[in-house]
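Q: Input: one structure, supplied below.
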Amino acid sequence: MLVMTAMTKPSLMLLAFFSLLVVPPCLAADPDMLQDICVADPGSGVKLNGFACKPAANVTEADFFFKGLATPGATNNTMGSLVTGANVEKIPGLNTLGVSLSRIDYAPGGLNPPHTHPRATEIVFVLDGTLDVGFITTANKLIAKTITKGEVFVFPRGLVHFQKNNGAVPAAVIAGFNSQLPGTQSIAATLFAATPSVPDNVLSKAFQIGTKEVEEIKSRLAPKK
């Protein structure tokens with residue numbers, strides 16, 4: 001019986017793993033592909049859920065290549081972080097494939113502020129440094145951990161999450177998404193820098209602050225011209 005149990009556990013784990021890969025189309029983050037490739041053709045003028053396919057005769061290796069994640073991004077900005085995306089807008093060959101990457105660089109003290117990805121779960125792999133990361137569930141519970149080089153952390157789809165470099169040296173991660181274009185909504189910018197702007201009385205009541213404070217936050221977050 002002990003031998004059978006030892007053999008059964010790995011089998012069950014493999015079965016569970018492969019069952020996760022067979023996701024019903026109704027639960028998939030992106031629509032399933034219907035052909036080998038469908039290289040995005042943004043200039044086609046065709047509007048649909050995704051991008052129209054470039055004619056096969058015009059597809060080249062360049063449609064599947066991007067070198068933008070090879071070097072650190074400039075982090076000399078207000079937040080001390082920079083996200084470099086490798087999604088369908090940068091790699092047209094990702095169209096209909098349901099995956100994308102980003103590189104995120106953090107200066108010492110840098111923050112990737114609270115935000116969500118409405119169309120994807122995110123998994124990060126730490127290239128360098130140490131980060132304090134976390135997400136908040138719909139029950140308002142904070143799930144947080146300190147992660148370091150070589151470690152991985154997952155942010156479930158649609159939940160508010162963040163990463164903060166509290167170290168004295170730069171940090172960087174590679175982030176993977178199960179969407180060709182996961183989308184990003186930064187909480188502060190979404191609420192205080194929307195166009196047209198969210199009414200002051202909505203924000204003042206929601207955050208229990210005065211109109212003066214709302215206007216001050218809006219002025220700080222307003223896009224630089």
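Glycine too: its Cβ is placed from the backbone N, Cα and C atoms.
Pasting the feature list from TrEMBL:
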type	residues	note
BINDING	N112, H117, E122	oxalate binding site
BINDING	H115, H117, E122, H161	Mn(2+) binding site
DISULFID	C38-C53	disulfide bond
DOMAIN	67-215	domain 'Cupin type-1'
SIGNAL	1-28	signal peptide
Q: Using DSSP, break the domain 'Cupin type-1' (67-215) down into helix, strand and coil residues and give each count.
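A: Its residues fall into 22 helix, 57 strand, 70 coil.
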Q: Pop the mean pLDDT for the domain 'Cupin type-1' (67-215) in here, whole number is fine.
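A: Mean per-residue confidence for the domain 'Cupin type-1' (67-215): 97 out of 100.
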Q: What does the structure give for the C-alpha distance between H161 (Mn(2+) binding site) and C53 (disulfide bond)? Integer Å is fine.
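A: Rounded to the nearest whole number, the Cα-Cα distance is 33 Å.
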Q: Beyond the listed site residues H115, H117, E122, H161, identify every same-chain residue whose Cβ lies within 8 Å of the center of their Cβ atoms for the Mn(2+) site.
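A: Close Cβ neighbours, site residues excluded: T116, F135, F155, L159, V160, P182, T184.
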Q: If you count the C-beta atoms lying within 10 Å of each candidate's C-beta, which of the binding-site residues H115, H117 ends up with the smallest number?
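A: Per-residue Cβ counts within 10 Å for the binding-site residues H115, H117 bottom out at H115.
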Q: Consider the recorded positions C38, C53, H115 and say which one has the Cα lying nearest the Cα of E122 (oxalate binding site).
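A: Smallest Cα separation from E122 (oxalate binding site) among C38, C53, H115: H115.
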Q: Starting from the Cβ centroid of N112, H117, E122, the recorded oxalate site, name every other residue in that chain with its Cβ within 8 Å, sequence order please.
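A: Those within range, site residues removed, are S102, H115, T116, V124, F155, H161, A175, F177, P182, T184.
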Q: Take the C-alpha atoms of H115 (Mn(2+) binding site) and C38 (disulfide bond) and report the distance between them in angstrom, rounded.
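A: Roughly 30 Å, rounded to the nearest whole number.
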Q: Whole-number Å distance between the CA of C53 (disulfide bond) and the CA of N112 (oxalate binding site)?
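A: So the Cα of N112 (oxalate binding site) lies 34 Å away from that of C53 (disulfide bond).
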Q: Among all the protein chains here, how many other CB atoms are within 10 A of the CB of N112 (oxalate binding site)?
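A: Neighbour count, Cβ to Cβ under the 10 Å cut-off: 25.
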Q: What's the CA to CA span in angstrom from C38 (disulfide bond) over to H117 (oxalate binding site)?
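A: Taking the Cα atoms only, C38 (disulfide bond) lies 24 Å from H117 (oxalate binding site).
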